[in-house]
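Below are the structure tokens for one structure; questions will follow.
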Amino acid sequence: MTKNDDPHDQGSSYVSKNIVCEVKEREALSTELTPCKLQIRREKIMDEENRAVAETERLLLYSQNQQLPTSLIRCLYLGHFLSRWSARMWEFSVALYMINIWPDSLLLTALYGVVESASIALFGPLIGQWVNSQTYVKVLQLWTLTQNLSFIIAGGTVISLLLSSGLKSLAFVSLVSVTYFSGAVAVLSTLAGTILIEREWVVVMSEDQPHGVLTKMNSVLRRIDLVCKLFAPVVSGFIVSFVSLMASAIFLALWNIISVCLQYWLLSAVYNGIPALCMRDQKRKEPPASNPGPSTYMSKDNSDSLSEDRSDRPSTRVFGCFSMLPCLGAWRVYLDQEVVLPGLALALLYFTVLSFGTLMTAALEWEGMPAYIIGIARGISATIGIAATFTYPVLESRISTLRTGLWSIWSQWSFLLLCVGSIWVQNGIESAYMLIAGVAASRLGLWMFDLAVIQQMQDQVPESDRCVVGGVQNSIQSTMDLLAYIMGVVVSNPKDFWVLILISFMVVTLAGILYTVHIWRVRKHLFHFEKLYGLVQCLSRSAS
């Protein structure tokens with residue numbers, strides 16, 4: 001919510017305008033009043049002005065005192081932590097399970113990656129529409145139950161596969177299929193929870209709050225995810241290394257049995273303790289208006305002009321006849337947003353091998369890099385990502401969300417030049433270290449850009465479209481992730497990994513160009529050259 005949208009400011013402005021009009025009217029009549037009556041009238045006007053000023057101060061004080069309860073914010077963060085920890089633990093462990101179930105092939109691992117990415121790519125828009133159409137309570141209940149139950153079932157099937165290593169044919173295929181299906185359902189449930197918390201609840205909770213509240217909450221939620229990404233594999237790895245793979249699967253199932261109750265209790269406390277969430281949920285229960293969205297708060301003329309503008313867009317002409325289909329309707333909503341270019345730029349960053357994923361890890365191991373060095377590098381990379389969540393609020397408060405995104409995407413691009421340079425280094429180990437350094441350093445720009453784009457979507461996407469846009473955005477990102485896996489299958493020889501590096505770098509370049517075009521469209525300029533010129537002059541004077 002912008003400053004001009006604050007209802008308290010609008011109320012105080014309205015009172016002030018009425019006072020000014022009344023003063024002018026009474027001054028016009030002052031010539032017809034006796035001095036005594038004129039003095040009484042002036043005192044009355046002064047009393048009304050004093051009351052208006054007092055009312056304005058009261059409203060401002062009330063607005064400032066409506067801070068979010070710290071205990072409920074902590075409940076939100078802890079509930080989000082439980083959800084992300086389960087997802088990150090499964091994300092790391094499933095590869096170990098599959099490679100141990102079928103030791104001589106990467107087929108099971110690759111197939112699971114395809115199933116998971118394809119599920120989000122296909123059903124992500126539908127998940128967003130479903131979250132948008134249901135009440136907060138129903139989404140919370142189904143999300144927590146389905147996610148944790150799916151991980152419990154997946155852990156159980158893995159235990160069965162590990163215990164019955166001699167299973168073949170139908171029984172083996174059935175258990176693997178159930179594992180795949182449970183993992184895919186768990187990932188889709190996690191997506192629903194992510195949309196609910198990151199795209200809906202934090203926006204509603206930060207309304208009528210200072211601008212920095214939303215930025216801080218976004219940063220903390222992303223920090224929690226990165227902490228889970230860093231430490232969940234460490235915990236799982238210790239259990240696998242020092243106990244057994246079976247113990248890891250049992251721990252996963254038990255964790256989710258405990259987590260489902262605690263997670264629901266924490267997030268229910270947040271919902272019941274923050275009136276804004278309950279009030280917004282009541283509005284969602286009401287029957288939808290004939291033309292929901294931003295036009296609900298516009299005049300009829302503005303609504304008609306907005307409809308005419310949207311009808312001229314290519315996305316409206318292309319998808320108009322298919323708007324009854326759920327997926328295509330969601331895509332139409334997404335393409336009608338002003339933040340479509342930043343969203344596409346963010347999605348393109350998932351079409352890369354320049355991350356500490358399976359493809360780059362395999363390439364580093366082929367180059368002779370010790371496994372513990374790769375693990376340390378992954379930890380350093382995650383730590384830099386966590387540092388980005390502290391840096392982003394500071395930078396955003398100084399140069400705005402738009403420009404923070406611009407500087408972030410191009411800083412990531414600059415660090416990735418090290419990865420490109422590693423192609424021409426003859427020594428394999430030195431080349432690997434350059435690749436690691438470039439990827440790790442680029443995480444600072446990557447995660448700041450991620451936060452900048454998410455906040456733009458929160459600020460600029462209408463309330464009625466927010467969940468749908470979030471679902472489509474995650475669908476595009478998963479599609480790009482899937483294409484990266486396919487790219488690794490096509491170029492499967494580790495000697496040709498340099499080809500994947502160049503393709504990934506060019507995709508990041510394209511993402512930077514798309515976001516730069518968006519900045520130019522919105523601001524009509526990229527840099528304040530007059531400020532740069534003034535800075536150069538100051539430096540030249542100080543040097544002389």
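From the backbone N, Cα and C atoms, a Cβ is placed for every residue, glycine too.
Since the structure is predicted, the reported quantities are computational estimates derived from the model, not experimental observations.
When I checked TrEMBL for this same protein, it listed these features:
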TRANSMEM  106-127  transmembrane segment
TRANSMEM  139-163  transmembrane segment
TRANSMEM  169-197  transmembrane segment
TRANSMEM  226-247  transmembrane segment
TRANSMEM  253-274  transmembrane segment
REGION    285-314  region 'Disordered'
COMPBIAS  301-314  compositional bias 'Basic and acidic residues'
TRANSMEM  340-364  transmembrane segment
TRANSMEM  371-395  transmembrane segment
TRANSMEM  407-425  transmembrane segment
TRANSMEM  497-517  transmembrane segment
Can at least 3 Cβ pairs under 8 A be found between the transmembrane segment (226-247) and the transmembrane segment (371-395), with each pair 6 or more apart in sequence?
yes
Mark yes when the transmembrane segment (371-395) and the transmembrane segment (253-274) have three or more Cβ pairs under 8 Å (sequence separation 6 or more) and no when they do not.
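No, since the transmembrane segment (253-274) and the transmembrane segment (371-395) share fewer than 3 Cβ pairs closer than 8 Å, they do not count as touching.
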Honestly, do the transmembrane segment (169-197) and the transmembrane segment (340-364) touch, with at least three Cβ pairs under 8 Å and pairs 6 or more apart in sequence?
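Between the transmembrane segment (169-197) and the transmembrane segment (340-364), contact is absent.
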Quick one: do the transmembrane segment (497-517) and the transmembrane segment (139-163) reach 3+ CB pairs under 8 Å, ignoring pairs fewer than 6 apart in sequence?
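These two stretches do not touch.
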